[in-house]
Every structure is written in structure tokens, then in C-alpha cells.
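What follows is one structure encoded as C-alpha cells, with my remarks underneath.
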Amino acid sequence: DIEVFPTSQEESAVTFHCKSWIDPSHCTPDKRVFFPAHSYLPSQTPKGVEGLRKRELEILRGTGCGERKEHDRIYDYDVYNDLGNPDDDNNPTTRPVLGGKEHPYPRRCRTGRPRSKKDPFSEERSHKEHIYVPRDEAFTERKMGAFDTKKFMSQLHALTTGLKTAKHKSQSFPSLSAIDQLYDDNFRNQPVQPEGGKLRFVIDLLETELLHLFKLEGAAFLEGIRRVFKFETPEIHDRDKFAWFRDEEFARQTIAGMNPMSIQLVTEFPIKSNLDEATYGPADSLITKEVVEEQIRRVLTADEAVQNKKLFMLDYHDLLLPYVHKVRKLDGTTLYGSRALFFLTADGTLRPIAIELTRPKSKKKPQWRQVFTPGCDGSVTGSWLWQLAKAHILAHDAGVHQLVSHWLRTHACTEPYIIAANRQLSQMHPVYRLLHPHFRFTMEINAQARAMLINAGGIIEGSFVPGEYSLELSSVAYDQQWRFDMEALPEDLIRRGMAVRNPNGELELAIEDYPYANDGLLVWDAIKQWALTYVQHYYPCAADIVDDEELQAWWTEVRTKGHADKQDEPWWPELDSHENLAQTLATIMWVTSGHHAAVNFGQYPMAGYIPNRPTMARRNMPTEIGGDDMRDFVEAPEKVLLDTFPSQYQSAIVLAILDLLSTHSSDEEYMGTHEEPAWTKDGVINQAFEEFKESTRKIVEQVDEWNNDPDRKNRHGAGMVPYVLLRPSDGDPTDEKMVMEMGIPNSISI
């Protein structure tokens with residue numbers, strides 16, 4: 001910070017917040033400009049800096065030409081045309097361009113790299129580690145030193161691509177106890193780790209052990225995996241070794257796990273597909289009224305269960321079915337269209353009652369589909385088939401979580417807001433300063449994801465459903481499901497039938513004890529009130545909002561450039577009132593903070609135990625194949641289940657990346673604790689932030705009370721992991737017992 005004041009008059013100082021990189025070797029005609037910490041709407045700009053305000057935005061927008069250099073500060077848009085690498089002589093890969101009519105998608109930051117020599121639609125992938133992001137969006141040295149993410153991901157990628165023999169990649173765990181041996185019982189799931197942490201340990205071992213590991217065979221390879229990858233016991237397995245096996249926990253995690261955003265209310269029977277019957281087969285689900293009534297012991301008819309809001313569903317049938325035949329052509333994986341049905345019991349908990357798996361018809365085979373129920377026919381065989389069916393839909397849920405709930409709805413959809421804000425909102429603009437903490441490091445982590453995580457042949461494609469079609473699937477979800485006005489938590493719950501808005505404006509949940517919704521609505525209300533107070537202070541009347549040229553240009557650009565493929569949709573809000581502006585800003589603030597925290601920081605604690613959340617299914621259901629497959633299943637059902645789970649190799653990769661993604665940075669900025677310098681310069685805003693901070697403290701108390709309430713059976717019980725992903729920070733985060741309860745970071749920074 002720089003303070004300027006007349007001699008001996010420090011009380012009249014003007015503060016300039018100069019948190020920016022400057023490259024002295026890069027000379028430009030324009031000198032760097034830093035604006036005072038006081039916020040000004042465009043119409044209120046002091047005359048002396050009006051020209052500088054406009055010129056700074058012109059510089060940040062750039063000309064749209066040339067390749068960006070590391071020191072540049074230019075923000076511009078491009079499509080996702082850099083996921084494949086057609087020019088790789090050893091392993092050329094191509095992926096569809098995401099962004100445009102064929103594959104709608106949010107836009108990313110333009111790098112200006114030249115086009116591929118072999119594919120004019122693709123951007124050349126640099127051989128350097130660095131992918132351009134504007135300089136001030138890059139990690140601080142402290143964060144980069146703590147995580148060393150680029151180095152970690154590149155070496156993890158080397159492990160992925162360097163393994164020569166397919167038998168190593170496909171080798172299953174020999175037993176469930178072998179999975180347990182991946183974990184070090186003495187390394188508890190604590191936020192505080194040794195210098196460098198688990199990540200440093202993995203990096204060091206990868207550097208020295210990879211070549212040796214690749215040479216091992218059989219049991220020696222398994223032991224090598226254990227030695228290189230030794231992880232803390234995930235919270236779910238640490239508290240209850242059998243949680244993964246129980247139906248109650250399977251159901252509970254749909255509302256209190258790492259993907260509580262997919263479950264929806266069943267509103268009609270029969271359940272129907274919207275896909276073309278001529279292509280995919282009959283539309284009516286095989287989960288009939290008879291199946292439902294048998295499973296709920298005829299306490300209600302199926303129609304009564306629907307009317308009384310007792311039936312809920314995970315429905316990945318229509319999203320996945322078009323990819324089944326494509327995925328089955330890939331090595332070492334399989335896919336079905338899937339549904340899982342749940343019944344709301346009298347004590348407020350969910351009970352799974354049916355899973356339907358479908359393979360669409362092809363030229364050579366008719367459609368295959370089957371409904372599996374707990375215990376099925378009451379036999380041991382039926383019980384094992386139910387466990388296999390659960391493994392399949394859990395893999396589907398893990399893929400949708402990673403690609404849609406997490407990557408698409410937070411990382412990818414947020415990047416256009418950041419680009420547009422820096423191009424159209426001055427750093428003096430109060431809305432820029434409200435949103436700035438929520439944009440910290442997101443562009444950098446997204447660039448790193450494109451380099452090593454979501455790229456062709458990267459970790460997601462190699463270890464998650466649906467393999468190399470992963471990002472294409474997220475484009476389908478964006479096209480069919482994403483709406484900005486439904487990204488606000490209340491509207492998302494209403495869309496899924498999980499809540500209704502009463503005449504008094506209050507939300508009524510379909511499941512009263514729905515931990516994600518209970519805690520999330522408290523966080524949402526606090527964010528919305530903070531945003532509304534902020535907006536009302538800077539804009540005395542609605543006309544001031546409409547007349548704010550920077551604000552309107554930002555929002556227009558978000559729609560027409562950042563989310564260009566949806567620019568003509570009628571649901572985009574107009575920024576023409578305090579309520580609409582506050583709702584828009586609160587939606588962005590929620591997505592970058594609460595939404596992201598809910599889907600990110602529970603990944604290792606909940607999915608780090610592979611049987612609880614397998615990320616890929618590798619073997620078809622034995623009842624589909626019949627013959628030898630069915631005989632193998634009857635003779636050794638545990639082996640078939642283990643062969644269905646990800647391989648030892650895939651599991652090691654998944655655990656490593658989930659461990660990284662679930663980590664909090666040492667310089668993380670948490671909701672309710674970090675205050676922007678500009679807010680302290682305005683008494684009204686400073687007081688409003690103090691009230692926001694107090695509201696987060698009350699949320700902590702409420703969450704703690706709910707987690708200790710024995711009547712709330714979805715978050716309190718023997719061996720149960722409490723729901724704390726949306727518990728704000730209330731002190732030093734490293735003092736907490738679990739990573740999940742360290743707090744809600746303001747931004748998508750990992």
C-alpha cells in the first residue's frame with residue numbers, strides 16, 4: 001500500500017492499494033496506474049482520473065491479436081480448443097472444440113497460441129509448463145510454494161502416460177483388505193501437515209520411484225503402489241469401516257455427501273425418458289408402480305408416494321445413455337444409463353429402493369435393462385447384484401459430480417465473470433471490489449486444469465466416467481441444464497423439486513433434514529443480505545443502476561461473450577433494480593464460495609475410500625452378459641466387485657488428485673474473515689461487513705447445534721461424518737479436526 005498525505009497530516013492520507021506485479025523489463029507507452037482505495041461509480045469519478053480510468057480498461061481489454069506473454073495483463077475470450085494435442089508425434093489426440101453451436105460452452109481466457117499444424121481448429125499446446133493467465137491472476141509465490149501444483153500435476157501426468165504395460169493399469173485389488181492397506185492408520189485426516197505436507201511426500205517419491213515401480217510385477221507392483229502412495233485414512237472410512245457397504249449411508253450421501261446437487265423429487269409416474277425411442281428404446285422406466293409398492297411394503301401406493309413427496313431420484317439415464325456405446329469401445333471401462341430411486345421414511349431419512357441400469361439398442365443387439373432392488377429376490381446372489389448396481393451408479397454420480405457439479409458449474413462458468421469484470425469494471429468500481437475476493441486464483445487453477453486434469457489423456461479422462469468423452473458430456477449438461485437464474489441456491493432447490501416457495505416467501509424443503517440445503521440456505525441468506533446492503537449504499541435509486549455504463553457493459557459482455565452460446569435465452573436477469581442486481585451478485589458470490597466448498601473439500605474425506613465412491617466402473621453387470629460372466633460372479637462375487645472398481649493404478653491416481661483438490665491453501669481467504677481494504681474506507685460498508693461477519697458466526701453455532709441433534713438423523717449418528725462443508729471459519733482454520741470444517745473460502749482457488 002502507498003499512502004499520500006501532506007507533511008504531518010497523516011489523518012488526511014489517500015491510500016493506494018498496489019497489489020500487482022510489475023515487470024521492469026517490459027516497457028510500454030502506458031505507465032502503470034494505481035487507483036485510490038475509495039470506490040467510485042463511473043459518474044462519480046474525480047475529474048483528474050476520468051481519462052486514466054477509461055485508458056486502464058482499454059489496456060486490460062487488449063487488441064485481440066498476438067500471443068500473450070507471461071507478463072501481460074490482457075483479458076480476452078476464446079473457446080476450449082486446447083484440450084487435445086494433435087501435434088504430439090508419439091500420442092496425437094484430438095477433442096471437440098467446446099464453445100459454439102455444436103458443443104455450447106462457457107468461454108475461457110484467450111492465450112493467442114498458434115493453431116495446431118495438424119488440426120486447424122485446435123490451438124497448439126505449449127511444451128512449456130506455463131499456460132497464460134493475466135499476470136495478477138497467477139498464484140502468489142506463497143501459494144505456489146505451498147502446493148507446487150504445476151510440478152505435482154506434471155509428474156502425476158508422467159505417471160499416467162509413462163506406464164508402458166496395460167496389465168499394470170488394469171490390475172484389480174486382490175481383496176478389500178488390500179484397499180485398506182493403501183492408508184496409513186497413523187496419518188490422521190488433519191488440516192495441519194508436516195512442511196510440504198502429503199503433496200511434498202508424493203512429489204519426492206514420484207521423482208525417485210517411478211521407473212522402479214514400472215518394472216514390478218504382480219504382488220510386488222501392489223506393494224510398490226502402497227509404498228509410493230500412502231495416504232491418511234479418509235474420514236468416511238476412519239469413522240466407520242462399513243459405511244460404504246450400507247444402504248442408509250448410500251442414501252444419506254445424496255443429501256449430505258460431496259454431490260448433494262443431483263437428487264430430485266419424483267413428480268410423476270411412470271418415470272419416462274425424453275430420448276428418441278426409435279434410437280434408444282422404450283421411454284417408460286422399468287421401475288414400475290409394482291416395484292415401488294413392493295419395496296415400500298405397500299404402506300402407500302406409488303401414486304400416493306408421489307403425491308406425498310416421498311419419492312426421490314438420481315437420474316442419469318438421459319445424460320449418459322447416448323454415450324454408452326461410445327464408452328464401451330474404450331479400453332477398461334463400461335457405462336449404462338442409470339436411475340436410482342429413494343423413499344423418504346417416517347424418521348426423515350432416505351432409503352434406496354431401486355436402481356435401473358440400461359444399455360441402449362444397437363444394430364446387433366436389442367436394448368438391455370434391468371431393475372435391481374435391495375436384496376433383490378432375497379438371495380445372497382441378489383444382495384451381491386445390488387452391491388454391483390450401487391457401484392455402477394456411484395461411478396456415474398462421481399463423474400457427474402466432477403464434470404458438472406464441480407468443474408462446469410463453478411470453475412468453467414465463473415471464468416467469464418472474471419474476464420468481463422476486468423475488461424469492463426474499473427478497479428475503483430464498487431461492484432468490482434465486492435466481487436474481487438471471489439475471483440482470486442480461479443483463472444490460474446483453471447489454466448492448470450486444462451494443462452493436466454481435463455485435457456485429452458489427463459487424469460479425469462483416465463480415471464472418471466465417461467473417459468475421453470468427459471468434457472463433451474459437460475458440454476451437453478451446459479446446453480441442457482445450465483441457467484444462470486437457477487444457479488442461486490433457492491432457485492436450484494426449487495427446480496429440482498427439493499423446495500417450494502410459500503406465499504410469504506419462505507422456502508419449505510421437501511426433506512426437512514437436508515444438510516446441504518439447511519446450511520446452504522443460511523449461507524445464501526447471509527450473502528444475499530450483504531450484497532443487497534452493499535448495492536443499496538452505492539446506488540440510491542434504481543435509475544443509478546440502469547445508468548451505470550460500466551456495470552451494464554460488464555453484464556452485457558458476460559452474456560454476449562462469456563456465455564455467448566446462451567446469449568439469447570430469455571432467463572438472463574436485467575440489472576434494473578436493487579433486487580435484481582443483488583440477486584445477480586449474490587449468485588456469483590454463492591457459486592464461488594458456498595457451492596464450490598460443498599463440492600470440493602469433501603472429495604478426499606468422502607471419496608478417498610474407493611468402494612465408497614468408485615470413479616469408474618470397469619465391468620458389465622453379469623446379468624447382462626450371462627454365461628461365463630454369470631458363472632464367474634456366482635463363484636467369486638467379491639472378485640467381480642473388485643474388478644468393477646477402478647484398478648489399483650487408477651485408484652492411486654484418483655487418491656493423489658483428490659488429496660490435492662481437498663487441500664486448503666496456507667494463505668486462503670475465508671468468507672466472513674477477509675475484508676477488502678476499500679470496504680474499511682467507507683463507514684457504512686465497514687459496518688455492513690461486520691454484520692455479515694456476525695451472521696457467519698451465528699451460522700457456525702447453528703451448524704454445530706444441528707450436528708449434535710440426535711433428531712437430525714442425516715447428520716448425527718453412530719460413526720457418521722457430520723456435515724460441516726458449509727460451516728464458516730470461526731478462528732484459525734488449522735485448529736480444526738477435519739479439512740472439511742476449516743471454513744468456506746471466498747474463491748475457487750483449487
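Each Cβ is built from the backbone N, Cα and C atoms, and glycine gets one as well.
Keep in mind that TrEMBL annotations are predicted by a computer and have not been checked by a curator.
Proximity of distant same-chain residues to the compositional bias 'Basic residues' (106-116), defined by a Cβ-Cβ separation under 8 Å and at least 6 residues beyond the stretch ends, is recorded for 64-68, 75-80, 82, 85-87, 99, 122-126, 131-134, 408, 412-413, 415-416, 419, 443, 446-447, 450, 478, 561-564. Among the features that TrEMBL reports, compositional bias 'Basic residues' is placed at 106-116.
Residue counts of the compositional bias 'Basic and acidic residues' (117-127) by helix, strand and coil are 0 helix, 1 strand, 10 coil (DSSP-based). Among the features that TrEMBL reports, compositional bias 'Basic and acidic residues' is placed at 117-127.
Looking just at the domain 'PLAT' (1-36), the mean pLDDT is 86. Positions annotated as domain 'PLAT' by TrEMBL: 1-36.
Positions annotated as domain 'Lipoxygenase' by TrEMBL: 39-750.
Here TrEMBL flags 82-127 as region 'Disordered'.
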Practice problem: For the domain 'PLAT' (1-36), find every same-chain residue at least 6 residues outside the stretch whose CB is under 8 Å from a CB in it, and list them. | Solution: 49, 52-53, 55-56, 59, 69, 71, 135-136, 138, 426-428, 677-678, 681
